[in-house]
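These notes are about the structure you will find just below.
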Amino acid sequence: MITSAHIDDIRTQVRAWRAQGETVAFVPTMGNLHQGHITLVKEAAKKCDHVVVSIFVNPMQFGQNEDLDAYPRTLEADSQALTAAGAELLFTPTPAIIYPKGLAQQTYVEVPGISDVLCGASRPGHFRGVATIVCKLFNIVLPDVAFFGNKDYQQLLVIRTMVEDLSLPIEIIGVDTIREASGLAMSSRNGYLTEEEKAAAPALKKAIDAMAQGIKQGVSIEQVTEEAKASLIAAGFTPDYLEVRHATTLANAEPQDQALVILAAAYLGKARLIDNLRFDR
């Protein structure tokens, strides 16, 4: 696997592949890779001739008092895992390469509406940071296809909307959430959990599953939400949000809506965990 921090190196290699008529897949990450990331790379390798991965802890998407400095950086282990999974080109830029004028002077991309609710309301500016870095990475790598995890459901919709609105010629593929044996969605932030918290963490998925089951049986959204919040609090969580939304617009769920998604974010100790479930009523 070729590794470089330099934009020109990435473009040169991708151009060489394109000159051969070969296809390129892209998986953007912030590193500290787990099996969920590796699954994205393996799926990318099945779909395209070559796989490019980026590792960049993006300062633009972290708010004040968030864990930018504490975010784990494990480049050596990540490189080994990526090589084994079939990645051929790894882009590891520094903030100075990505944002040479600094964040305050950086042109940014903002996806209106869908960026402002749920995680966007809890973390103002987060999705502006996500959309900007993903758009910038797309312009550097120029992939045919890009892969993202369905675990970050709102992020995936923000990126799909950006690609559509800006007419970017890139196919976006969402890959099912990879879970630990307990049902806990894999996340780099799971490393913040104590053993006791890790034992309690599967309650998040159980609460979401119970909500979906209740809605399918005709129980009101208000009732299933209150019951789920109570179960999370009893398990030691501090809920941030727990909501039922339209699956493609993230508008509040209406009685006539069939395609729904439950989205949850909750604190367990130091870790902010998110999860979701898309289902038909």
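Count begins at 1; order follows the chain as displayed.
Just so it is clear, glycine is given a Cβ too, placed from its N, Cα and C backbone atoms.
Listed features, source Swiss-Prot:
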type	residues	note
ACT_SITE	H37	active site, proton donor
BINDING	30-37, 149-152, I178, 186-189	ATP binding site
BINDING	Q61, Q155	(R)-pantoate binding site
BINDING	Q61	beta-alanine binding site
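In the three-state DSSP reading, L33 (ATP binding site) counts as coil. Looking only at the binding-site residues M30, L33, I178, the densest Cβ neighbourhood within 10 Å occurs at L33.
Distance noted between the C-alpha atoms of G36 (ATP binding site) and Q61 ((R)-pantoate binding site) is 20 Å.
Here the C-alpha separation of M30 (ATP binding site) and H37 (active site, proton donor) works out to 10 Å.
G36 (ATP binding site) is surrounded by 21 other CB atoms, counting those within 10 A of its CB over all protein chains shown. If you draw a 10 Å sphere around the CB of S188 (ATP binding site), it holds 19 other CB atoms from the protein chains shown.
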